[in-house]
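Here's the structure we're looking at; comments come further down.
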Amino acid sequence: MILSDKDIIDYVTSKRIIIKPFNKDFVGPCSYDVTLGDEFIIYDDEVYDLSKELNYKRIKIKNSILVCPLNYNLTEEKINYFKEKYNVDYVVEGGVLGTTNEYIELPNDISAQYQGRSSLGRVFLTSHQTAGWIDAGFKGKITLEIVAFDKPVILYKNQRIGQLIFSKLLSPADVGYSERKTSKYAYQKSVMPSLIHLDNHKKD
């Protein structure tokens, strides 16, 4: 069962679902809009070796970031051109990880799905690749996987970036996500890189 606008407000008011900050204007008919934070991660590795910890750098914007498509062949000259013409804080190429401003806590009988906004999809920008599912019992901010597929796109801090759809489980989970010892992304307070190297890889 998907929660309606009335259900979402009721769950938040009764603190069964925590959304901080919460804006009643962001409640849709059966979703809640979330906004883009100011911290991002860019990977430094030539190859993603998923058995090892990945190298990355964190960046923080004051206002905006320009995301160029994959294999855009970005040069220093082009970066300086974009910064001067469009007054952006950073220019990046390829995938970049972002985060929501919103911190959420879900009870063990509510799961959620993150979906990018249709308006961003219409300029061929995605804000999640495969990680749209949020397990019951999750606590933390949502890490976003941002990729532009056509032209460079300027994103602004605090703009609406996507929405959460909440579903009620038939019965509560015995162990919620943030209670599991194997959960790698519980209580994340900002953007987090992939921690897949912590998985138990079976070697033949």
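Each Cβ is built from the backbone N, Cα and C atoms, and glycine gets one as well.
The dCTP binding site feature in Swiss-Prot is assigned to 117-122, H128, G132, D135, 143-145, Q163, Y177, K184, Q188. According to Swiss-Prot, the feature site 'Important for bifunctional activity' maps to G132, W133. The active site, proton donor/acceptor annotation in Swiss-Prot covers E145 and rests on similarity to another entry.
Taking the features listed in Swiss-Prot, we show where each one sits on the structure.
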residue : record                                     : Cβ neighbours (10 Å)
R117    : dCTP binding site                          : 16
S119    : dCTP binding site                          : 9
G121    : dCTP binding site                          : 13
H128    : dCTP binding site                          : 19
G132    : site 'Important for bifunctional activity' : 17
D135    : dCTP binding site                          : 18
L144    : dCTP binding site                          : 25
E145    : active site, proton donor/acceptor         : 17
Q163    : dCTP binding site                          : 20
K184    : dCTP binding site                          : 13
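A straight line from the CA of H128 (dCTP binding site) to the CA of the residue listed as 'active site, proton donor/acceptor' spans 5 Å. Listed in sequence order, S111, Q113, Y114 are the same-chain residues at least 6 apart in sequence whose CB falls under 8 Å from the CB of W133 (site 'Important for bifunctional activity'). The two recorded residues, S119 (dCTP binding site) and E145 (active site, proton donor/acceptor), show a Cα separation of 17 Å.
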